[in-house]
Amino acid sequence: MELKGVQPSNGSSNGSGNGATNAASTEKTDAEKPTAERTNWGNGLEFLMSCISVSVGLGNVWRFPFTAYENGGGAFLIPYIIVLFLIGKPMYYLEMIMGQFTSQGTVKIWSVVPGFVGVGYGQAFGTICIISYYSSLLALTLYYLFVSFQSELPWSYCRDEWTNCVNSRPQEYVDNLLTGVSLANESARNLSGIVANDETEKLQSSSELYFLNVVIKEKLDISDGVGDPDWKLTLALFVAWVVIFLVIMRGVKSSGKAAYFLALFPYVVLFVLLIRAVTLEGARDGILFFLEPQWGELLNPTVWKEAVVQCFFSLAVGSGPIIMFASYNRFDHGIYRDAMIVTTLDTLTSLLGGITIFAILGNLAHNLQIENIRDVVRSGTGLAFISYPDAISKFQAVPQLFSVLFFFMLFVLGIGSIVALQSTIVTIICDQFKGWKYWKVALTTSVCGFLMGLVYVTPGGQWILTLVDFYGGTYVVFILAIFELAGIVWVYGLQNFCDDIEFMCNRRVSLYWRVCWSFFTPVMMIIIFIYSMVTIEPIKYSELYFPEAANIAGWLLFAIGAAQFPLWGLWYISRHPQGTYWKSLKASLKPSDRWGPANPEIRREWVIFKNQKAAQRATQKDTSKLGFFWRKVANFCGSNK
């Protein structure tokens, strides 16, 4: 592929890669015009810490343990690690490369294949959906953090009006059990519920009733609306957004400094909780329950689907933060090392978080004299705000301290993730409108985020959270990630992409990356997405089905996100006609003049490098079929010839 728009003065050069110094043509295209220099990270460590803070987040401590438990326990680690190496790492590295190579955000990088610009806008839509409910989780976390400073944890005892309540205090739990009360094992919703011997009245733990009746004031039917926002949660939501704005207001200059704390502090707390958890009675049973493999689950396609969903959720690929962070790197930054560190650390943290959480749940089962730990595990929001508080309230020594540490850790993890997501949206807007002040865009989007989050702090908010996460987050991000990979590797071309990497990183791309990007990663993602669509079932909240109107709204949400891809593609074609529609379509699938490194000097060297590569391949061309075959194999495998 010979590049035009910026040509070496003599048409060729004997220099190579970054060392090329030939003068370029005096005529400048749009791609060469001076642009405002992009702010860079203070140092490479800030970038690494920022990536850790977004990838090592709530998904590791909150979502991974239950996902693993639901999908084969220890056996889930096998498909998860396979998915990590065949999908997670390749997608993570690819997004890092795209961001650093172009120094552009999620939308602007699509100068590589302009007809695919809708992928960037669709990912922005999915990111907005995730931001909208993620901030409400921070509000819940802040609420529990604040009330943990009381002399007695408020969820550890029953209110007078709760006639079906059992205190979460350790001794009183035992007293109730000894008088003939047994734990119900009917559904995930009743994880802490206890049923009397005559089973005429279901009893629930005070931690569950506190969350449902005091904190979220849960509605079991949203057909008549979701209700009004709770003022306490609204205040907590406001505080969360103030913190988010303060972190992102100066771009990477402020978020880069905060990243050290956001990335490292959770590990301090996690290790403190781990040490405390493994010393609790019953912890061993909980850990074994988490790690014990259910080998039969490996043949279940749903397990592999959940491994992919968890990998995407945990690493934050497909939604833009990795591209955005990498776009603020220096062009020659060593991202290969960072990609390997973050993806490996993410997996180890998930395992560490799972061991810690199930050690605590094992202690909870021990205190309740329950043999099957399955009965104390709850999915979704309930795991963080019912099971964990219930277990912490039974700590014999200073439960308030461990409660404060735990919820502060969750808050920091959540801030690290949402800061990256919010910065992605701000970067997209600032890339599009160069003259706009970053802090003003950050303030405006933060206000919008707060207003969107109000619906989630209503009595029916958990219903909306489940709906938006399912339709607007998971599936929108997943399908657009497939188009993202296809656009870069199949449309722009694997060889072109690998040449760009070689120029930027000064190293050939190994066979592992080439095989994953061109075959394993896209094929696995397509198969899993099709399977997910074929086997999709109506979603439920707390064992209750959503109203039909809610499901229609959910599918509409998915359609809006997915439709960004074709609609923006058609928009580009209509704005750049090339005579016939077919010619316009073909032109939209070729790189625009703006594709390439943002720095004009580096761009000129890159054009020389690419033209040299094209010339080398032309001279190596063999007319025989066998020679042609071996040349293609050599190029695919990364041969230096």
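Every residue, even glycine, has its Cβ placed from backbone N, Cα and C.
Residues or ranges marked as compositional bias 'Low complexity' by Swiss-Prot: 9-26. Summarising the annotation, Swiss-Prot assigns compositional bias 'Basic and acidic residues' to 27-36. Under the heading N-linked glycosylation site, Swiss-Prot lists N185, N190. Residues annotated as region 'Disordered' in Swiss-Prot: 1-38. Annotation source Swiss-Prot lists topological domain 'Cytoplasmic' at 1-40. Residues or ranges marked as transmembrane segment by Swiss-Prot on the basis of sequence analysis: 41-61, 74-94, 111-131, 229-249, 258-278, 307-327, 341-361, 401-421, 447-467, 474-494, 516-536, 552-572.
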The topological domain 'Cytoplasmic' (1-40) [mean pLDDT, rounded to integer]: 44
Recorded stretches the transmembrane segment (111-131) and the transmembrane segment (307-327) touching, at least 3 CB pairs under 8 Å: yes
Candidate ranges 41-61, 74-94, 229-249, 258-278, 341-361 - greatest C-beta contact count to the transmembrane segment (474-494) (under 8 angstroms): 74-94
Leading stretch by Cβ pairs under 8 Å, where the reference is the transmembrane segment (401-421) and the options are 41-61, 74-94, 447-467: 41-61
Within-chain partners of the transmembrane segment (516-536) [C-beta distance under 8 Å, separation at least 6 from its ends]: 83, 86-87, 89-91, 94, 301-302, 304-305, 308, 475, 478-479, 481-482, 485-486, 488-490, 494, 497, 636
Folded-back contacts onto the transmembrane segment (74-94), same chain, C-beta under 8 angstroms, at least six residues removed: 55, 67-68, 290-295, 297-298, 303-304, 306-308, 310-312, 315, 317-318, 322, 335-336, 339-340, 342-343, 347, 351, 481, 485, 488, 513, 516-517, 520-521, 524-525
The transmembrane segment (307-327) touching the transmembrane segment (447-467) per 3+ Cβ pairs under 8 Å rule: no
Contact set, same chain, for the transmembrane segment (341-361): CB under 8 Å, 6 or more residues outside the stretch: 48, 51-52, 55-56, 59-61, 64-65, 68-69, 77, 80-81, 84, 88-89, 92, 267, 270, 273-274, 277-278, 280, 283, 286-287, 289-291, 314-315, 373, 376-377, 387-388, 391-392
